[in-house]
Amino acid sequence: MCPSFLVTLLLLQLSSLVVVLVVWAEQLPEFNVRRDDFPSNFVFGAGTSALQVEGAIAEDGKTPNIWDVDSHMGHMPDKSTTDIACDSYHRYKEDVKIMSDIGLEAYRFSIAWTRILPYGRGFINPKGVEYYNNLIDTLLEHGIQPHATIYHIDHPQILEDEYGGWLSPRMIEDFTTYADVCFREFGDRVSHWTTINEPNIISLGAYDSGQIPPHRCTPPGAYNCTAGNSSVEPYKAMHHFLLAHASAVQIYRTKYQAKQKGLIGLNVYGFWCAPQTNSRADIEATKRATAFYTGWAADPLVFGDYPIIMKENVGSRLPSFTKNESELVKGSFDFIGLNHYFVFYIQDDPEEITTPISLRNFDSDMRVKASVKPGDSGDPSGLKNLLRYFKDNYGNPPVYVHENGFGSPQNETLDDDMGRIRYISGYIGSMLEAIKNGSDTRGYFVWSFMDAFEILSGYQTRYGIVHVDFDDKSLKRQLKPSAQWYSNFIKKKNTTEDEISYSSQ
């Protein structure tokens, strides 16, 4: 058994289904949305992660992370590696210049743990610190607000080998130490910190389905796992993620925040779940799915504990927070980052209750079947509904939409990017509706700034608003029409379809 949503995400990365989404996006209504419709302090930006764009995996003292090792084992569908990626490690000045030309107000990037602490702890690599100092300073020189993510699925392989990474509580202390170094070295210039990217997705992909490294699940699973326990490990990993996040926030608030005056939060993959049918069973199943997928991360942040339905269905396999841990986790955010791409359709699956506990996984504990409907999966109303849900159920926390984007095939046509434009404009319009209805949403980041190494498909899928030619050693960057549209939107210019074209950098 394998979590159906992860299988769906993988399928959505593959070219055949991406083509379906392109056709669907061409049929989207265009939103008449303007930059002036948003509050003046609202930021529009774009994002990437170190793993996906930097390359230079063995230069200047950097050691391997789990993805560097995994990609060399041939696990990617296209057999690609993280070795070079977009080579942003060497080309960050060029990339920041492109951001500035587009008019990005903010850039969300991540810091590579093994570039800062090559051995996971202890020795601080001055070359790694220098790189991020240079990147941050260059962003600020161009008037771009740095939003830094401390961990984006790329912990040191040495810690995975030493004690099993996120399955061990030792990771909490090592992550906190690493975060402390980041705050100390960069916090005087970084205004927005995200501790961990998508812990709910990592816990499922790495420890439930085994789809991403370290590829653990109840053997053999859909991905031929050799070790793991899908009935226990995803919950254990998520528990450690939350405690590590809260521990890092405590360090930041105690030692740095008063002087540095930055904000800190956690990023959550924001599922919007809708019932497959109007039956009572599917409606109740949708409530369960929302609690499991989203409440798993959000409830502890706001209430200090996991959702009641999770405790009922998972039982003793779900770790418990001590009183002190609950107090530490509760309120451990100044904002919540949400990543959102698709609507998930939920169907009740009562037969899962008969699955033996030793064979259970996340799906069977939820007792639902989750799927994405081609043609409906990119419904922009999903983002509006998700933001409304956080407003109504979590006290309307400050939210940044950290990721939202459109995947196209590797061989995308360079003279046609209208599908991505309609996708982005549709979601921006939906987000605006949520803001008008009271959501405290403060920023939007397109995923992604440029085509990159995608964790489920390597270089087979392109999410960037900037095209990267991976077949050319120069890795030539080109602005896609979506970059031009986004630029004109941010700069408050009107653009007709005939005026949009590719431009080379």
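The backbone N, Cα and C atoms fix where each Cβ goes, glycine too.
Summary of the site annotation: Swiss-Prot records beta-D-glucoside binding at Gln52, His152, Asn197, Glu198, Glu403, Trp447, Tyr463. Screening the candidates Tyr256, Tyr341, Tyr345 against this entry identifies Tyr341 as the one listed for that site.
Disulfide annotation in Swiss-Prot: Cys225 is bonded to Cys217, selected among Cys182, Cys217. Summarising the environment of Asn197 (beta-D-glucoside binding site), the number of other Cβ atoms within 10 Å of its Cβ, over all protein chains shown, is 25. Following the DSSP three-state reduction, the secondary structure of Asn324 (N-linked glycosylation site) is helix. Trp447 (beta-D-glucoside binding site) has Asn437 as its nearest neighbour among the recorded positions Cys217, Asn224, Asn324, Asn437, going by CA to CA distance. Taking the Cα of Asn324 (N-linked glycosylation site) as the reference point, the closest of the recorded positions Gln52, Asn197, Asn224, Cys225, Asn411 is Asn197. Reduced to three states, the DSSP call for Glu403 (beta-D-glucoside binding site) is strand. Of all residue pairs in Gln52, His152, Asn197, Glu198, Tyr341, Glu403, Trp447, Tyr463, the annotated binders of beta-D-glucoside, the farthest apart have Cα atoms separated by 18 Å. Local packing around the recorded positions Gln52, Asn229, Asn324, Asn437 was summarised as the count of other Cβ atoms within 10 Å of each Cβ; on this measure the leading residue is Gln52.
Of all the recorded positions in the record (Cys217, Asn224, Cys225, Asn411, Asn437), the one with the smallest CA separation from Glu198 (beta-D-glucoside binding site) is Cys217.
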